[in-house]
Amino acid sequence: MQPLVIIAIAALVVAIIIAIVVWTIVYIEYRRIKRQRKIDCLIDRIRERAEDSGNESEGEREELSKLVEMGHHAPWDVDDL
């Protein structure tokens, strides 16, 4: 094989590897952002219910705790809003 063909094949392989790495990072960040939006939405709903009725929904709090993987305790005090 000619050296130019070898260089072209090597460059193509490197480009494919870089593309796979970049798209993997993009996918991981997309999942992280999507998860954070869910958490933000749940926090907003809990705040609205706390303002309206004086207490928050236990079901939403459990769902939020599953998303943040902290058990049943959120890292902030929701009651003092």
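Keep in mind that glycine also has a Cβ here, set from the backbone N, Cα and C atoms.
Source: prediction; values computed, not measured.
Taken from Swiss-Prot, the feature topological domain 'Extracellular' covers 1-7, and the record attributes it to sequence analysis.
Residues of the same chain that lie 6 or more positions beyond the ends of the transmembrane segment (8-28) place no CB under 8 Å from a CB of it. Positions annotated as transmembrane segment by Swiss-Prot, on the basis of sequence analysis: 8-28.
What Swiss-Prot lists as topological domain 'Cytoplasmic' is 29-81.
Marked as region 'Disordered' by Swiss-Prot: 50-81.
For Ser53 (among others), the entry in Swiss-Prot reads phosphoserine, with the evidence type sequence analysis.
The phosphoserine annotation in Swiss-Prot covers Ser57 (among others) and rests on sequence analysis.
Note on the topological domain 'Cytoplasmic' (29-81): its mean pLDDT in the predicted model is 71.
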